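As recorded in TrEMBL:
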- 6-25: transmembrane segment (TRANSMEM)
- 46-65: transmembrane segment (TRANSMEM)
- 62-159: domain 'Cytochrome oxidase subunit II transmembrane region profile' (DOMAIN)
- 85-110: transmembrane segment (TRANSMEM)
- 131-149: transmembrane segment (TRANSMEM)
- 161-313: domain 'Cytochrome oxidase subunit II copper A binding' (DOMAIN)
Amino acid sequence: MTTLGILLVLVLLLVVFGLLFRLQILTSIFSGSSTREVGVSNRVNAILFIIFLVVGGAAFAWSFADNYDKMNPPIASVHGHATERMFWTTMIILGIVFTLTQVLLFVYSYKYQHKEGRRAFFFPHNNKIEVIWTLIPAIVMAGLVFAGWKEWTRITGPAPKDAVVVEVMGKQFNWLVRYPGRDQKLGVVNYRLIDATNEFGFDLSDQNGIDDFVAPEIHVPKGHPVLLKIRSRDVLHAVYMPHFRVQMYAVPGMPTKFWFTPTMTTDEMRAQTGNPKFTYELACNQICGRGHFAMKLNIVVDEPDDYVAWFAQQKSFSEQNPDVLASFKQKSDKLVEKETTPAAAAVVPATAKASL
Ligand SMILES: [Cu+2]
């Protein structure tokens, strides 16, 4: 602590000496006993500004054009077209303002570089300019925000009643998928029940969960609304489905949702892109740990008939894991026994009293 104090005092002393030295130079300049040396670096800096503007601008344009296709995969959802339109409207307006201000910034730095004898123009205030550059951006921003808010509330509002429900749960480092069975109701899950077999934490004492099934990939029907129910088991993840323009956080302890309507089947997209291996993808886009890069899931968009056929083939979790189902049956049998045996019922309050 003492050493730190001494070091601090030394640094402060150095700063004070530096300021005194600078003060001395300034007084000598103003008293006329010394002239300020501008040197060649002034001109070099001015030229570097222009070089940076041209080279930097060209590099930006090249990287934008080169990555355009990666940033803009073909749209395969209904709302995707609206969000895309909004994105590009915002991008064009901001792009024009950004280019204009940056070009002026660098060109003026060059144009108004130091010249002997030239004095800066004193221009402290102008009401007209203040009003113009406050009102115009405020109106434009309000318009953009309003359009965004309108679209966002439409997308994130309640899903249509007949929507296909799919639950996606993020975990380090993969996605788990659960579908409600024929009853269209997802059963209760409990994180305390999670183990190597019961990865979702199915509570099979809830009848709604008996026909729920898990799937290795997401299947959805074309032209039908899909409600994604999103959860996380451990840390923050994010569901990112670029072709559907869907992105939503998967937050531990806070379920989120997103509904969308796919417009192109996987086969149609394969034909359009000319890539026979094309698959829609759900990727995690929230850095969540060392296996984050591999956190992907395939999505298959089927024709409605194919989807129905796929759905019919799926076996429920309880059917595939009779041991887990049996363990719940045992538990409930014991509970029934306890409730119906008067002796057992009498023991419970007695022990509870004793423990107090
Ligand atoms: Cu991740």
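Just so it is clear, glycine is given a Cβ too, placed from its N, Cα and C backbone atoms.
TrEMBL: automatically predicted annotations, no manual curation.
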Segment confidence, the domain 'Cytochrome oxidase subunit II copper A binding' (161-313), expressed as mean pLDDT: 90
Same-chain residue ranges lying at least 6 outside the transmembrane segment (131-149) that approach it to Cβ under 8 Å: 86, 89-90, 93
